[in-house]
Amino acid sequence: MSSNDSNDTDKQHTRLDPTGVDDAYIPPEQPETKHHRFKISKDTLRNHFIAAAGEFCGTFMFLWCAYVICNVANHDVALVAAPDGSHPGQLIMIAIGFGFSVMFSIWCFAGVSGGALNPAVSLSLCLARAVSPTRCVVMWVSQIVAGMAAGGAASAMTPGEVLFANSLGLGCSRTRGLFLEMFGTAILCLTVLMTAVEKRETNFMAALPIGISLFIAHVALTAYTGTGVNPARSLGAAVAARYFPHYHWIYWIGPLLGSILAWSVWQLLQILDYTTYVTAEKAASTKEKAQKKVKPAVPLLWLKSNFSLLFFISRSLALNVIIFGKN
């Protein structure tokens, strides 16, 4: 082998293996399919504290606003006509209060801790490996403490009874309430997984569909269960009202089962690798649009290339018209 060939081989080997040892070479990592929003950094004590502070502030802000709005709605005179809290005006006001409160709270604290603000959502994120189990426990503690703090603050700042605690209504049984809470939470958690965890161009807008999903859940469930879908919300309100019904467990088991159900649906989509289908559909659509744009350009190119001929013909016709017109 010549010296030049030897040098080329050494250079190629250096490019592929900077260490010069084949066994120690580590290939580049594959790109992540999950969004980095919830992975603020490694699980150090400092970073756990940052996540805990972000979840506490975000959950407190979300639930305090929602509790106060809910209290105002339930103190309305319409409560006399609809003692179960099923008056449409109350339902819409409560749903808007919770939906918009979680929306702006997520937008504020998504860059700090991810903005889960809900133990059920945190469980879905942990199952999806968007956060570690340790981080999930830290978030749970912060969210539950923030829920109790928000309930106490809302109760202390507003006069009258505490009317934002969860309870069954319209003759809803515990079993029905459990399944309603489970499916309502599943819708919320699946929205989080599909809009915030999946890597998309619209991740920065994830707070909007999450808020809308919580709004829809409240419109659907409030008359029947009071809409928990968040154990921190249910516990904080129960502590503030000093009201723990014998069926309080459905506001914990239901949301946790819902978060597992949402993760199961999301995991099934990952196994089916739905992104390849979506990518193929987008590629086909882009190709079709490109072909449609090219077709109108063909007559234009013909006119441009034959402009001189067309000009000569039109000039001849014009002269003939003028000559015959004079005759």
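Every residue gets a Cβ built from N, Cα and C, even glycine.
What you see is a predicted model, and the numbers here were worked out from it, not measured in a lab.
As recorded in Swiss-Prot:
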type: REGION; residues: 1-34; note: region 'Disordered'
type: TOPO_DOM; residues: 1-48; note: topological domain 'Cytoplasmic'
type: TRANSMEM; residues: 49-69; note: transmembrane segment
type: TOPO_DOM; residues: 70-91; note: topological domain 'Extracellular'
type: TRANSMEM; residues: 92-112; note: transmembrane segment
type: TOPO_DOM; residues: 113-136; note: topological domain 'Cytoplasmic'
type: TRANSMEM; residues: 137-157; note: transmembrane segment
type: TOPO_DOM; residues: 158-176; note: topological domain 'Extracellular'
type: TRANSMEM; residues: 177-197; note: transmembrane segment
type: TOPO_DOM; residues: 198-203; note: topological domain 'Cytoplasmic'
type: TRANSMEM; residues: 204-224; note: transmembrane segment
type: TOPO_DOM; residues: 225-248; note: topological domain 'Extracellular'
type: TRANSMEM; residues: 249-269; note: transmembrane segment
type: TOPO_DOM; residues: 270-327; note: topological domain 'Cytoplasmic'
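When averaged over the topological domain 'Extracellular' (158-176), pLDDT in the model lands at 91. Of the ranges 49-69, 137-157, 177-197, the one with the most Cβ pairs under 8 Å to the transmembrane segment (92-112) is 49-69. Residues 34-35, 37-40, 43, 48, 50-55, 58-59, 62, 102, 105-107, 143-144, 185, 188-189, 192-193, 196-197, 207, 229-233, 255-256, 258-260, 262-263, 266-267 of the same chain lie 6+ residues outside the topological domain 'Cytoplasmic' (113-136) yet bring a C-beta within less than 8 angstroms of a C-beta in it. Of the two recorded stretches, the transmembrane segment (177-197) lies close to the transmembrane segment (204-224), with three or more CB pairs under 8 Å once pairs fewer than 6 apart in sequence are set aside. Taking Cβ pairs closer than 8 Å, the transmembrane segment (204-224) reaches residues 37, 84-86, 90-92, 94-96, 98-100, 102-104, 106-107, 110, 115, 168-170, 172, 176-177, 180-181, 184-185, 187-188, 191-192, 195-196 in its own chain, all 6 or more past its ends.
The helix, strand and coil residue counts that DSSP assigns across the topological domain 'Extracellular' (158-176) are 3 helix, 0 strand, 16 coil. The DSSP breakdown of the topological domain 'Cytoplasmic' (113-136) into helical (H, G, I), extended (E, B) and coil residues amounts to 14 helix, 0 strand, 10 coil.
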